[in-house]
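Here is the structure we will look at.
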Amino acid sequence: MFSTGILVLTSPLHVLPLRIAPVLSSAAQLVDRTLYIHLHPGLNLGSGSPPRPVYLPPVVDLSTFITRLYSNAADVCGHLDVRFLLTNIRAHPTACSGSQTPSSPFPTPQPLSHSPEVVLTDFAVQDPHQTNQVTQCLEKYAGCCYVCRPGLSSVLLHPQLQENEDRLRNQGEKLECLETYSDVVVGGTFDRLHGAHKSLLNVSCVLASKRFVIGVCNQAMLKKKVLKELVEPYSLRVQKLKEFLQDTKPSLQVEIVPLDDPFGVSIVDPLLKCIVVSEETKKGGEAVNQKRIENGLQPLVLHEIQLLKDVHHTDIEEEKISSSSLRFRLLGTLLAPPKDASHLPTLPYVIGLTGGSGSGKTSIAKQLEALGAVRIDCDKLGHEVYQKGTAAYHKVLEVFGSEILNEDQSINRRALGRKVFGNKEQLKALTDIVWPEIAELAQSRIHQAREEGKRVCVVDAAVLLEAGWTDWMHEVWLTIIPEEEAVLRITERDGVTVEDAQHRLQSQWSNSKQVEHANVVLSSLWEQEITRKQVLKAWNLLQQRIQLKLGGLEGDAGGSHQV
């Protein structure tokens, strides 16, 4: 198995749409991370003379093939980072008439972000005795085009091809030139760069002969995104775009700009000629042209590409390949590795579960309890620390006075709440008393669970992160929902006004801030059954992590014993 490979496609362009799925499937058995695709229809690796890379004209069939390539890749090898390379695609005035310029698209080998360790091809060897000669030619060809790892291996793929390929091959190849433009623009979020993004970017790179402008949604444009808290940071999205485009077409002048509104530079840049849209975003492209006309600029050519179907989508996910579906699939998985917890006993494995008001945290904690976890409810522990005679009881009276007492001398928590409401100093004075006492009680429950041989404890605590309790936990799990949904739930559940609910949420850490500290994220935004499936997935993955940890400890113990 190789980490990175480059696949040289030699079949005629009109045949490739049928061949590409089985070819990718074969390639995925050899490459497990990044697969670069280099196109050279008609390349003859069996002639004996070293083949030379040539320029290929941008044609309509190429745009169609790019869409098919990424659609098939998502279907048959979704784990691979597939990148279609365009360095040898260039428009020439006479290109479509069959003439080629003598210059090479690769004056020197092009460096790639990940150096290929293996070169693959769909070239069909007619005579088995030629195999050695063909593989040597393939290695030289790849090394002429791209900087590859020393000792590059080469493999001829022999996929199961579709029956009607011969019929298509006999039809002959009819190429229609694709119009290109000096300056092309697209816009989008580009979260977790996937096949649909790559298809859009590749087609745009084919269309653009000089400059490619990309508007990337900034914070202001993410407010209505599903699970917006899981959208990658702007800087990371830009970094991934730059790397992909540098590999894809390094000759192109790429400009990536933040998109703070739906239009960005597309309505003010006079040099732009074309905007690439999908059926879904076509109306947005038309709105861009309306604004350009209002600004005294020429409208852009709208080049529409196909949406890519997601054959793996679930009922609540979009039918097209989308970032929102990918973010949904992250729920319940490990987003960030747990911090070093070598100072903690391995068992019970302690999960700190937190989330804002109305997020469904308590319901999820109960589901985890039903799966076998010991649930430690910090809200209940909070009530315990206020009981008469406790250390916290006496400290609270000392700081806040006896006017907060009921007739039976118990603390009136409503009266106490009124004292600290809106007063940061008073609130800190209270939490400095109460939080350490709650933490001590919770840790005693964990110790009790250890004595009873329990495997997992879930500490259900709304103030987990604010109180700084993560040092005595193995992982932090967070449940999130959009603020508008939280407001709706709080008003219905507690009978408070919308303003009160909003104020309560604003006094807590934001979802985005909490996500920065979370190892696992869950969301109760959808039906209960969907939340249950998330929790079950998270629980099963947790059991695997615990087992690995225990296995590692057993291995360490075994090693020590041998010494």
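Here, residue 1 is simply the first one shown, and the rest follow in order.
Glycine too: its Cβ is placed from the backbone N, Cα and C atoms.
Since we're looking at a predicted model, the values are computed, not measured.
Feature annotation from TrEMBL assigns domain 'Cytidyltransferase-like' to 185-327.
What TrEMBL lists as signal peptide is 1-17. Among residues of the same chain six or more beyond the signal peptide (1-17), those with a C-beta under 8 A of the stretch's C-beta atoms are 23-24, 27, 30-45, 59, 61-62, 64-65, 68, 112, 114-123, 138, 141-142, 146, 148, 153, 165, 168-169, 171-175.
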Open item on the list: Across the domain 'Cytidyltransferase-like' (185-327), what are the DSSP residue counts per state (helix, strand, coil)?
Closed with: 56 helix, 33 strand, 54 coil
- [ ] Summarise the model confidence on the domain 'Cytidyltransferase-like' (185-327) as a single mean pLDDT, whole number.
- [x] 95
